[in-house]
Amino acid sequence: MASYVAAIDQGTTSTRCMIFNHSGRVVAVDQVEHRQIFPRAGWVEHDPEEIWSNTRQVCAGALAKADLVTSEIAAVGITNQRETTVVWDRKTGKPVYNAIVWQDTRTDSIVNELAADGGQNRYHRKTGLPLATYFSGTKIRWILDNVDGVRARAEKGELLFGNMDTWVLWNSTGGPDGGLHVTDPTNASRTLLMDLETLDWDTDICAEFGIPTSMLPEIRSSSEVYGHFRERGVFGGLPIAGILGDQQAATFGQACLSPGEAKNTYGTGNFLLLNTGTERVLSENGLLTTVGYKIGGNDTVYCLEGSIAVTGSLVQWLRDNLGLIASAPEIEQLARTVDDNGGAYFVPAFSGLFAPHWRSDARGAIVGLTRFVDRGHLARAVLEATAFQTREVIEAMNADSGVPLKSLKVDGGMVGNELLMQFQADILGVPVIRPVVSETTALGAAYAAGLAVGFWGSEEDIRSNWAKDKQWDPLMPEEKREAEYRQWQKAVTKTFDWVE
């Protein structure tokens, strides 16, 4: 009998496969990084074929590490970096261009053109999103407008669009030989092209963007059997039964299943999601309204989201571009060599600022520098930037929801950094709680798949599987907390109006 569920987690920097048991504990994981391609300033790309090759590799690796055979896996779920855009030929399976990554800002002029009539919130009521370079719609439009011959091919119905969930699913189920062209509402709600109420593509918006609807995948629920893996390959014949965008997957994996429950994922960027139940709350404070999940035929659950572009990737930058650390975990050790930031604040607006500012004209800045500031202070300022940005989003969330946050569930790669977690509790003034399984993104996708095939009986099983690992309570006096935050807010204003 099948005693395990697998999840493919296609992220911004790597692809991995994780295998979970019935208690939601990790049995095995295999992970491979892929190249980050930076053709110009502000441009970020991935090679979709490299990612598909890595996907097959990690599925085989995880199964081998777990010492399991395919028949012991009940189902497979997919979770993915959202918004990242792939356009490919439906007959050959070849991408017409590299994947344009969510952080990429090349579509600024398209955003400005669309915002000229109706402003940044032109599509906000229907989609829950502001016009921004972040979302897939403008990226599809850029590929259609800038890659030779692509628009004509798209209009003839020869090309397909997908985010990474769709790209992995299509290839896993046969590719040009009958591959499924499907997505779920959590991913579709990040394109700027889906109506949040109907959960369908909005033909008027697609027409205004100049995107043929024939390119777009079918939108199905987040938890159902979409199809089966092609017979060739390590997971041959297994049902693919769950799809969730990475941040919604983490929300589901964290068991934030009731209105008012929230989680913050610390990854390449930070993503704070608050469950608002079946109500679509339109933000007045720079947050996104997004689909949280739709489990089979159940009602759609919505979330408010605060997206922060640069957090974990700032640590990467410190390692790769400046060489101040040799590996990401070293930053905590370096930051502990000093007691504070020495008056230095680092605003990592590498690709503008996301929530709650939505300023694509902003660029990164280190302010407050003196001769006193050393490597340790810079390391500390890098970590503190993550916590300060999180507070900005939580204040916007409190204003929109009218419900002050009482505690924060955290997950993702950076939550192993105890200095950061303590500072996060200090700057928020509420407890920060880390679960036993901190990589909840893959777990959420596994839950969605397992529910679809009856491996788990109900969402209550998810809640009962959740367990606390550690809690950090605030220790900083309120007066100091507010003084630090005021300095941060002042630093943020110094990054505006940089790009003409």
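Just so it is clear, glycine is given a Cβ too, placed from its N, Cα and C backbone atoms.
Cross-referencing THR55, THR265, THR268, THR370 with the ADP binding residues that Swiss-Prot gives (THR12, ARG16, GLY312, GLY413, ASN417) picks out THR268. With ARG82, GLU83, ASP246, GLN247 listed by Swiss-Prot as binding glycerol, the candidate from TYR4, TYR134, TYR302, TYR345 annotated for that site turns out to be TYR134. The Cα atom of GLU83 (sn-glycerol 3-phosphate binding site) lies nearest to that of THR12, taking the binding-site residues THR12, THR13, SER14, ARG16, ASN417 as the candidates. If you take the Cα of THR13 (ATP binding site) and the Cα of ARG82 (sn-glycerol 3-phosphate binding site), they are about 13 angstrom apart, rounded to a whole number. The two recorded residues, GLN316 (ATP binding site) and ASN417 (ADP binding site), show a Cα separation of 14 Å. If you measure from the Cα atom of GLN247 (glycerol binding site) to that of ARG82 (sn-glycerol 3-phosphate binding site), you get 8 Å. When Cβ atoms from all protein chains are considered, those within 10 Å of SER14 (ATP binding site) total 16, not counting its own. When secondary structure is read from DSSP and collapsed to three states, THR12 (ATP binding site) falls in the coil class. Of all Cβ atoms in the protein chains displayed, 15 besides its own lie within 10 Å of the Cβ of GLN316 (ATP binding site).
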